[in-house]
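Residues or ranges marked as region 'Disordered' by TrEMBL: 51-82, 457-477. Feature annotation from TrEMBL assigns domain 'K Homology' to 85-156, 166-239, 301-372, 383-455. Summarising the annotation, TrEMBL assigns compositional bias 'Polar residues' to 458-470.
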Amino acid sequence: CTPTVNTDTETAVVNVRYAAKDQARLAMEKLNGSMMENYALKVSYIPDETAAPEGPSAGGRRGFNARGTPRSGSPGLGARPKLQSDIPLRILVPTQFVGAIIGKEGATIRNITKQTHSKIDIHRKENAGAAEKPITIHSTPEGCSNACTTIMEIMQKEALDTKFTEEIPLKILAHNNFVGRLIGKEGRNLKKIEQDTGTKITISPLQDLTLYNPERTITVKGSIEACARAEEEVMKKVRESYDSDMAAMNLQSNLIPGLNLNALGLFPSGAPGMGPSISGLPHTLPLQTWDCVYIQQGHPESETVHLFIPALAVGAIIGKQGQHIKQLSHFAGASIKIAPAEGMDAKQRMVIIIGPPEAQFKAQCRIFGKLKEENFFGPKEEVKLEAHIKVPSFAAGRVIGKGGKTVNELQNLTCAEVVVPRDQTPDENDQVIVKISGHFFACQLAQRKIQEILAQVRRQQQPKPTSGAQPPQPRRK
């Protein structure tokens, strides 16, 4: 077997190739859930999509990856020796230089795409009258960097020719999902990039974000050579964050009914600044870590979940003048309220989320992501929270199962800790609490599985129609 290791990101990922499927399956069965240095290993089976299929049609396109999101079977880490993310490079350029970048009858831009083996979109019609226009470059990391350097050189030459005296910084657009990890704890990552490349880097404030614009502007000042080196380092961090998130999602996403990995919108690709275009879904992406789109079937009932967050994080979740929690509530389609603190020195606060499964998924997804981005958890630490859901007291036994069988199976399946505290006194609605602890996908999966059990109990509680009974006929007026 051949291991490929990436340990630079928050979630360390090891990809191992086996010669035979049986060997891989056996390794997965033995390793999944086993402990290593107090951490449980999580193993998923990823088919080798790079293997040539049998027959004459094994050719395919050469060069860089196809544009768009990775296939749902692979976290974008595949079995390639070098990590290659499908994230395009997006930059902002002053509008007055767009003509020079395109060239006469498009000759200059065609030359850049040919030399750098890239696909370049100049969004000229976006933001009519704006001082800057976005450019999206699709290629390998090297191809993106080469195209970016060429564009900077063209702008510098045009500035000299037109006697434009202002400094032209490199402006990189990055989805807000990845900016927290780019900055690093206490700004360490960003400071290191500045020191290593001899540049000055600033990032647009969080307040500039809206549901319609999830990107931050990373402004790099320095010589063209220094800016080019900084672009490589910045995008390397962004791609690592993306790879890490995709790997973490793929470990559990196939177990969550309705989660559409192709609709995640983890990075700008379809509409400028937005996720992939999906029929029937608005191009409005949320703010923090995973842009999860949950496809819900049927007419789901509303659910209430109590999610516990660090007390110090309340301000970040509420936002300035309550803006963040309002946007979050609007995006998710859920009621989101923060309960008053229980005592002066309470370490945790309860977030009350009311809404159907899709709304729960979106709202909780955002909250987990916000806590990670705002560094309430360490760079190597996974965000794990506790959620409480209430179940009818007569259904608690079904969640536990005979001799704890069901709750144990739940924990093994979801990697979440599921506890039904003993000797609970049911509340005024004859309900008891089920506690769920774990990372986002584990919590979601456990919540869905428990709701499935409750739905089954409710169906069994319904009175069966007596034989021969006629359905009520509508009255005639």
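Placement of Cβ uses the backbone N, Cα and C atoms for every residue, glycine included.
Unlike curated records, TrEMBL annotations are generated automatically.
The stretch in closest packing with the domain 'K Homology' (383-455), judged by the count of Cβ pairs under 8 Å and taken from 85-156, 166-239, 301-372, is 301-372.
The average pLDDT computed for the domain 'K Homology' (166-239) is 89.
Counting residue by residue with DSSP, the domain 'K Homology' (85-156) contains 37 helix, 17 strand, 18 coil. For the domain 'K Homology' (166-239), the number of residues in each DSSP class (helix H, G, I; strand E, B; coil) is 40 helix, 19 strand, 15 coil. For the domain 'K Homology' (383-455), residue counts in helix, strand and coil come to 37 helix, 19 strand, 17 coil, using DSSP. Per-class residue totals from DSSP over the domain 'K Homology' (301-372), listed helix then strand then coil: 37 helix, 20 strand, 15 coil.
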